[in-house]
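Trainee: TrEMBL feature annotations, pasted as is:
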- 119-137: transmembrane segment (TRANSMEM)
- 143-165: transmembrane segment (TRANSMEM)
- 198-227: transmembrane segment (TRANSMEM)
- 247-267: transmembrane segment (TRANSMEM)
- 279-300: transmembrane segment (TRANSMEM)
- 326-344: transmembrane segment (TRANSMEM)
- 351-372: transmembrane segment (TRANSMEM)
- 384-404: transmembrane segment (TRANSMEM)
Amino acid sequence: MTQTLMHSRFSSGFLHLQRRERSGFLASFPTQRRHATILNKDKELTFRVVSCNKILDSTNNSSSSCDKPINRTDTSTLLQTLGASSEGEVIVQPKDDYEETWDSIFWRKWDAFVTFGRPYSVLGSIIGITSVSLLPLTSVGDFSLAVFVGFVQALIPFVCANIYASGINQVVDVEIDKINKPYLPLVSGDFSMGEGKAVVSATGFLCLAMTIMFGSLPLFLGVLGYFLYATAYSVELPFLRWKTKPFMAAFSMAGLMGLTIQPSVYYHIQNVLGRPMVLTKPVVFATSFISVFSAVLAMIKDLPDVEGDRALGNLTFSVRYGQEKVFNICVGIMLVAYASAVVTGSFSSLLICKLVSVIGHTALAFLLMLRAKSIDVNDPESTQSFYMFAFQLLYAEYVLIHFMR
């Protein structure tokens, strides 16, 4: 039995297909894990792709049956043939008559680059830098071309630093990702190791070079700190490789997302406005809250990766103490953080700030509890979805910090 799919790159997500009892059909079972194998000339790459809820038969073409997008779909070119082995494994094999064009190569590499940079993390940096850049502004008159240029000066280096952090982790962790995240570009073959190292080298160089060129000391110190945290987290050097040391992994994430972006961007914009570098309640709250939240994200991040971490001796909190216990601790810390935010917001001298901060953080805590109840800690997809949900809570926090006055 074979099933022809439209051209697509399976570089993120999961596809769960299993043969039904009726011959000739493949059906989706979202709660079960299935692997696929790409037959690419002399290479076999095993990976998982996004889930589909449409039944696929052996005669119909399908390019839109998936719940979640499989990156880019070329509706005019048939590339792959899908079959199921007797063991339930899915096999994806390129068609012999398919020839890649320059256009298709470009989009394939672009899709790989986007996946390589972890879009949800880059989006978090963009939202965070935009939000913190607005904190020093006290009136409409503060908006100016100089402030916009200062914002761009902060945004581009930090985005490059973010891609560097995601990339160097993937370059170093190829063996672990073969088990935990086989859809990532270096494992799936969408990027060669040389291409991955080139992206890491370029973004690492650019983030530091640009901040030196801009001549802003707060910005340079923030980006340099981000660069050093990312390097210490991933690289295999004496006293480093902090991701294998649970407490240091949490500290690294707190440093990357909390201790660097908030104060450096805030004081950078303060310099642009010609104002003294003084501590204010919003920046202190933002730095403290997001640092704690980010440390928790580091622990949540490891929940779906227990299989590969355990196989390669990476003793994360989840490997040491079990996923359920770590999950409950993470949710507990997040609820305590929200409770602290509610108390802090209640002391605001402005009624609108008091109402928004108290009601907003209470609502986010309620959503957190609802989502936590639906999570199966032993299912990697479930815990991965919770990790993405936690990032959405972080995005929302960047709105609420403006009312912590």
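Yeah, the Cβs are placed from backbone N, Cα and C, and that goes for glycine too.
What's the neighbourhood like for these features in this structure?
Mentor: Within its own chain, the transmembrane segment (119-137) has Cβ neighbours under 8 Å at 143, 147, 150-151, 154-155, 158-159, 162-163, 165-166, 257, 261-262, 265-266, 269-270, 273, 275, 280, 282-283, 286, 290, 388, 391, 394-395, 398-399, 401-402, counting only residues six or more beyond its boundaries.
Long-range contacts of the transmembrane segment (143-165) within its own chain (CB-CB distance under 8 A, at least 6 residues past either end) are made by residues 116-118, 121-122, 125-126, 129-130, 133, 137, 199-200, 203-204, 206-208, 210-211, 214, 216, 219, 222-223, 226-227, 229-230, 233-234, 256, 261, 264-265, 268-269, 271-273.
For the transmembrane segment (384-404), same-chain residues at least 6 beyond its ends with a Cβ under 8 Å from one of its own Cβ atoms are 120-121, 123-124, 127-128, 130-132, 134-135, 257, 281-282, 285-286, 289-290, 293-294, 296-297, 300-301, 303-304, 327, 334, 341, 344-345, 348, 352-353, 356-357, 360-361, 364, 367-368, 371-372, 375.
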Trainee: Among 247-267, 279-300, 351-372, which stretch has the highest count of C-beta pairs below 8 Å with the transmembrane segment (326-344)?
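Mentor: Maximum Cβ contact count belongs to 351-372.
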